[in-house]
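Novice: Sharing the feature lines straight out of TrEMBL:
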type     : residues : note
DOMAIN   : 1-419    : domain 'Major facilitator superfamily (MFS) profile'
TRANSMEM : 14-36    : transmembrane segment
TRANSMEM : 48-67    : transmembrane segment
TRANSMEM : 105-129  : transmembrane segment
TRANSMEM : 149-170  : transmembrane segment
TRANSMEM : 219-243  : transmembrane segment
TRANSMEM : 263-282  : transmembrane segment
TRANSMEM : 294-313  : transmembrane segment
TRANSMEM : 319-342  : transmembrane segment
TRANSMEM : 363-382  : transmembrane segment
TRANSMEM : 394-416  : transmembrane segment
């Protein structure tokens, strides 16, 4: 899409400009996530979720109709700012099920996010440029010919609209108890005084509550770990498609958008199977902390192997790439789900929306930096093909591993404060 918007003067600069489009969504979400979390604690989870899905329907459609680079950035920014969905959904997942099923519930949230990150690019790869790829179905003079990236965005918006309708049957989990009014004037006056005094107490209590989130080190340390791994995952997602589609002379794989889409579709299907049938058992045996550490350790040698895939030819390349992508993304979701569990067990219910909103703010800030940073590093790495120290894309994957190692080290004491129920693990 960046190529066809004609903003990049050279092929090597596409990653640079693409990074800022990806960052604009996360920057918008960074500015508003805490506000949406507080709103979810006050008015309920459902209204915030409904509004967030509505914003997807509108602004995702407008993104597909972008006529220039700045319109693409603006629509992605507004989508991020108005979509406070993920924080309340994590709180909702904890509240809607029994304690023994919390790991499964949160794993489904991270699975949905992970599948979205996989299916989204796959959908783009299959449905982009429909007038070129399916000329018998889509005319070059139609709206899909004039806006070659509108079709995948429209499909996503239609799916979001269906989800929005299904929210009619979504129960609210934030329970509020209302006191019935007494018609007696004397009792009304007494209640007014009590309400006035209670509001003052609640106001000061809410301030203490907000402060206690920052003093709650089990929460804050798990959020920091979550932010580091989120930065890594977003940078990896940004790099993977750019690297796979770039020419072999630049260290890439020279794959088409359809080939990359197929790899990502296989990976997305594996995420669903893994999280539904394997992760709950792994979490039961190892717990969220140990499973995250093991996953982080295993990611490092896999990422080191990526640059050397450029020396493979078909069909070996497709087999190895699919296996590596499946393993890497499932390990990444294992880590993210573990941090979800730690965060939501570090706070009571009345703080869960705000805590998840705070988590989304930090994560969105790091994820806003990741695409822009990854795009810049990727463009720089492609210009140093003959460097002595990690030439070309080897430098990109080396830096990804460095971030992964930092995240791994942060999962150990004394940095990570473990909630009491996980202290023995």
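Every residue gets a Cβ built from N, Cα and C, even glycine.
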Novice: To the transmembrane segment (363-382), which of 14-36, 219-243, 263-282, 394-416 is linked by the most Cβ pairs under 8 Å?
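Specialist: Per the Cβ under 8 Å count, 14-36.
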Novice: If you average per-residue pLDDT over the domain 'Major facilitator superfamily (MFS) profile' (1-419), what number do you get?
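Specialist: Mean model confidence (pLDDT) across the domain 'Major facilitator superfamily (MFS) profile' (1-419) is 84.
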Novice: I'd like to know if the transmembrane segment (149-170) touches the transmembrane segment (105-129) in this structure, counting it as a touch only when three or more C-beta pairs sit under 8 Å and are separated by 6 or more positions.
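Specialist: Judged by the Cβ rule, the two regions touch, with the required three close pairs present.
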Novice: Please report, as numbers and ranges, the same-chain residues at least 6 past the borders of the transmembrane segment (219-243) whose CB is under 8 Å from any CB of it.
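Specialist: Tertiary neighbours of the transmembrane segment (219-243) are 14-15, 18-19, 22, 26, 117, 121, 213, 251-253, 260, 292, 296, 303, 306, 325, 328, 332, 335-336, 339-340, 342-343, 346-347, 355, 358-359, 362-363, 365-367, 369-371, 373-375, 378, 393, 396-397, 400, 403-404, 406-407, 410-411, 415-417.
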Novice: State the non-local partners of the transmembrane segment (319-342) in its own chain: residues 6+ outside its ends, Cβ under 8 Å from one of its Cβ atoms.
Specialist: 90, 102-103, 106-107, 109-111, 113-114, 118, 218, 222-223, 225-226, 229-230, 232-233, 236, 240, 244, 253, 263-264, 266-267, 270-271, 274-275, 279, 282-283, 288-289, 291-292, 295-296, 298-299, 302-303, 305-306, 309, 312, 407, 418-419, 422
Novice: Restricting to the same chain and to residues at least six past its boundaries, which positions have a Cβ under 8 Å from a Cβ of the transmembrane segment (294-313)?
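Specialist: Result: 229, 236, 243, 248, 251-253, 286, 320-321, 324, 327-328, 331-332, 334-335, 338, 392-394, 396-398, 400-401, 404-405, 407-408, 411.
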